[in-house]
């Protein structure tokens with residue numbers, strides 16, 4: 001869950017009532033903790049913060065932070081301890097042991113497969129399916145991960161320790177751990193055994209240690225016998241679904257016999273149910289069907305897959321939603337001419353209540369690991385002023401020459417210092433500045449040379465900035481600043497009508513902000529379910545424009561405004577569309 005960076009929504013100090021509720025929740029979730037231990041974990045007066053964040057898959061998580069370390073996190077009303085907490089209370093959860101080489105896979109987001117378990121002399125801890133468990137490494141009882149058991153202990157033994165054992169939620173070295181002090185696990189000796197068992201355990205560890213270098217092969221062999229993918233630890237997938245069951249056509253084994261259209265139908269229904277179960281709330285209704293598709297269904301599409309309604313048997317969103325309405329899952333109405341909205345959802349419908357939220361399949365996640373692009377981060381854009389030849393005399397005293405770039409605050413400071421240094425502040429009225437020959441030549445018009453002798457401070461500074469040449473600085477994360485003369489062109493969005501009376505949306509000037517027109521076109525094609533083309537922009541050298549079929553101002557505005565937060569960088573109807581909504 002925390003294998004990749006998360007996004008923090010808020011970070012606030014906990015209230016007294018929330019602190020008391022948290023203690024009660026901890027007592028209920030972890031009954032083995034005594035009163036003193038609960039008070040120690042959730043202190044009465046020490047600083048305790050509530051951090052609300054979104055994991056990289058979109059899960060909303062609440063994290064409780066004490067002393068700079070995350071101690072607990074809450075997901076879907078379930079409370080979980082972090083490794084920092086487990087190091088203080090190593091017996092809080094049933095603990096299973098694995099090999100050190102497996103840890104790297106767990107940190108990367110994989111689940112723990114049963115062939116990777118180390119069988120202790122006393123046998124495996126007794127757990128039921130769905131129980132929360134800790135995972136430690138051979139030789140050290142300090143947990144390095146927590147997960148949910150995918151089957152009971154009896155089922156694990158019956159399976160011959162084959163298949164998925166635990167869905168891992170959090171590990172040592174993941175991003176949640178990195179948000180703390182990044183300390184290493186303490187050294188906690190294994191539980192004491194009697195002398196006979198201890199001797200047997202030492203012998204077992206000694207033999208197993210000679211095989212540790214070949215453990216990857218052992219685990220793979222176990223996977224092959226169970227029909228699983230050839231991986232030491234399988235990437236995250238459905239922890240409660242049978243291992244031979246496909247979710248949304250993501251499992252290669254079950255989709256080989258299905259046509260592309262059948263797979264897309266399954267994916268469409270999966271994203272539909274996922275969006276209703278996890279993302280759409282009653283307060284969101286009525287909800288535009290286009291918004292439901294663009295902002296909710298697409299975000300539920302598994303990594304490595306692309307939702308394309310045109311490749312399904314439905315062909316159109318309206319036809320698919322009509323089918324869902326016939327099944328009495330939703331109710332769709334045309335609230336305004338030609339615009340449909342979802343006005344009601346039956347969240348108690350069996351298809352919604354029985355839907356199991358899928359996690360990325362091993363295949364798709366493996367592919368994405370190697371090919372996923374870095375998330376886009378908008379550049380920092382700063383307006384500058386360039387000194388022209390006509391203003392050189394005014395700025396040379398401060399060490400600047402023709403072509404120097406200055407920020408507005410620097411210009412203000414230079415003008416103020418120049419006026420004070422040359423005794424130009426009016427003695428009778430400190431708000432006025434007398435104009436010497438240099439100021440006259442630099443900022444006055446020809447017809448003002450002999451009539452204007454003084455100017456107020458604000459007028460002087462305004463005139464000076466107007467006489468300077470505009471420039472700007474663009475800084476992309478991790479790169480050197482780029483400084484250019486002139487004004488940066490905003491992203492231009494135009495709604496045009498072609499000879500065939502068909503409307504198209506045209507977007508220009510994406511490159512100035514580090515946006516690849518081809519990537520933007522691909523995103524819009526998927527989100528808008530409309531054809532896109534990238535062509536040379538007329539009248540602009542080495543610049544491209546993206547053209548999308550139909551009026552896609554709303555989707556484009558969402559992409560640039562909601563995702564990137566760039567209200568001031570847009571020029572065109574997207575700005576008005578954003579305000580209207």
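Even glycines carry a Cβ here, placed using N, Cα and C.
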What range among 192-224, 225-257, 258-290 does TrEMBL record as region 'Disordered'?
225-257
Per-state residue totals over the domain 'DM2' (383-467) - DSSP helix, strand, coil:
43 helix, 13 strand, 29 coil
Report the DSSP secondary-structure composition of the domain 'SUI1' (491-564) as helix, strand and coil residue counts.
25 helix, 24 strand, 25 coil
